[in-house]
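A quick write-up on the structure given underneath.
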């Protein structure tokens, strides 16, 4: 089974490090689309990912077009607070690609429009002051739902 987590222009190194660690322990591949708001060699990224970096299946792309050229993603789910459908209402097939946007703005509108039929969200309270869940937490929640649907194949 192949779970692929895509980070589109992440801004916070600690989130990316935590997500990298989540990818390692779930067997997911991590795809990072530049630009990032930090150097991938940042001590904050490395510290959050602990000593898991050598175990990570990581691919870095110059931009979204580069990602599309270099992967065979037939369907891409896009996590967004603007989505109507809840992440757990989908049946994820193998391989699964799920894209998450930058922490301060989410995914660009043109990507949301392009993938309008595959937008997913994690339910949250409606509150203008609490706009969204932390990115690394959101990735973990969605990744574990995919793994649950796949009967935690490869996990113990």
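Placement of Cβ uses the backbone N, Cα and C atoms for every residue, glycine included.
Curation does not apply to TrEMBL; its annotations are automatic.
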Candidate from 122, 142 that TrEMBL assigns to the same S-adenosyl-L-methionine site as 101, 132: 122
Diameter of the S-adenosyl-L-methionine binding set by C-alpha atoms, the set being 101, 122, 132, in angstrom: 14
Listed in sequence order, residues with CB under 8 A of residue 132 (S-adenosyl-L-methionine binding site) and six or more positions away: 81, 106, 124, 138
